[in-house]
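Contents: one structure, followed by commentary.
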Amino acid sequence: MSYFEAFMLALVQGFTEFLPISSSAHLILPSAVLGWEDQGLAFDVAVHVGTLAAVVIYFRKEVVSLLSAFFGSVFKGDRSKEAKLAWMIILATIPACIFGLLMKDIVELYLRSAWVIATTTIIFGLLLWWVDKNSSLRDDEYQAGWKKALFIGLAQAMAIIPGTSRSGATITAALYLGFTREAAARFSFLMSIPIITLAGGYLGLKLVTSGDPIHVGTLLTGIVVSFISAYICIHFFLKLISRMGMTPFVIYRLILGFGLFAFLMMQ
């Protein structure tokens with residue numbers, strides 16, 4: 001992998017990981033459209049490290065508060081709203097872990113195609129638009145009980161299908177349940193911390209046992225670029241949705257989906 005490819009793929013990963021437009025789709029497309037080789041396990045781990053660092057550092061106050069409340073609930077019986085939210089985030093992570101382990105081979109074999117990406121990009125974009133326009137948008141993330149957390153967790157599990165978008169699915173589910181746009185995004189971002197950690201750890205274990213070559217320069221490029229782009233993305237996304245809602249991302253998904261269909265039909 002060249003430094004240019006590493007830079008571009010890390011930039012794409014960072015900007016799309018937390019937007020409702022599917023990071024996996026944008027990482028699959030370069031190989032499908034431009035003929036780039038697969039970036040490999042080591043690079044996957046690197047960009048996971050970068051995006052994880054971005055969300056943890058951006059929400060560092062919330063992360064510290066949630067961790068403190070979680071351990072307080074375990075050892076001291078803390079029943080604060082922060083402790084409840086921490087447990088709900090853990091609950092919401094479980095479905096994706098189960099689905100990921102059970103369905104990953106099927107997804108790899110049958111669903112990582114540009115046709116699937118184009119279809120899911122359009123369908124879930126329209127669903128996001130409908131929910132954003134028709135939901136009550138009144139609750140914050142601390143209103144998430146176990147039923148709501150499980151529902152959002154199931155939506156996150158569905159995002160194993162390329163083109164769906166993890167953040168898109170979870171934000172859509174949270175909006176449907178009555179969360180405000182900002183609360184839906186925050187809950188989605190906080191949910192990303194355990195799932196990115198687990199996914200990165202799983203890929204790291206595979207890397208250790210695979211014997212794949214490691215190029216330090218491209219890996220550092222991946223970490224740094226994905227971190228910076230993800231941090232910037234989180235900051236401006238939260239500001240944008242409070243003013244414009246989800247419409248810009250729906251429009252982008254529709255353009256991407258139909259554009260990809262047009263490209264595929266011309267091949």
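Glycine is treated like the rest: Cβ placed from N, Cα and C.
The transmembrane segment annotation in Swiss-Prot covers 1-21, 39-59, 83-103, 111-131, 144-164, 189-209, 218-238, 246-266.
The list of residues near the transmembrane segment (39-59) in space but at least 6 beyond its ends in sequence, with Cβ under 8 angstroms from a Cβ of it, reads 1, 5-6, 9-10, 13-14, 17-18, 27, 186, 189-190, 192-193, 196-197, 199-200, 203-204, 206-207, 210, 212-215, 218-220, 222-228, 230-231, 234-235. Contact count against the transmembrane segment (111-131) (Cβ pairs under 8 Å) is highest for 246-266, out of 1-21, 144-164, 246-266. Only sequence-distant pairs (6 or more apart) were considered; of these, at least three Cβ pairs between the transmembrane segment (1-21) and the transmembrane segment (246-266) are under 8 A, so the stretches are in contact. Long-range contacts of the transmembrane segment (189-209) within its own chain (CB-CB distance under 8 A, at least 6 residues past either end) are made by residues 17-18, 41-42, 44-45, 48-49, 51-52, 55-56, 58-59, 62-63, 66, 85, 89-90, 92-93, 96-97, 100, 141, 152-153, 156, 166-167, 170, 234. Sequence-distant contacts of the transmembrane segment (246-266) (same chain, six or more residues past either end, CB-CB distance under 8 Å): 19-21, 25, 29, 33, 114-115, 117-119, 121-122, 124-126, 128-129, 132, 163, 168, 171, 175, 181, 240.
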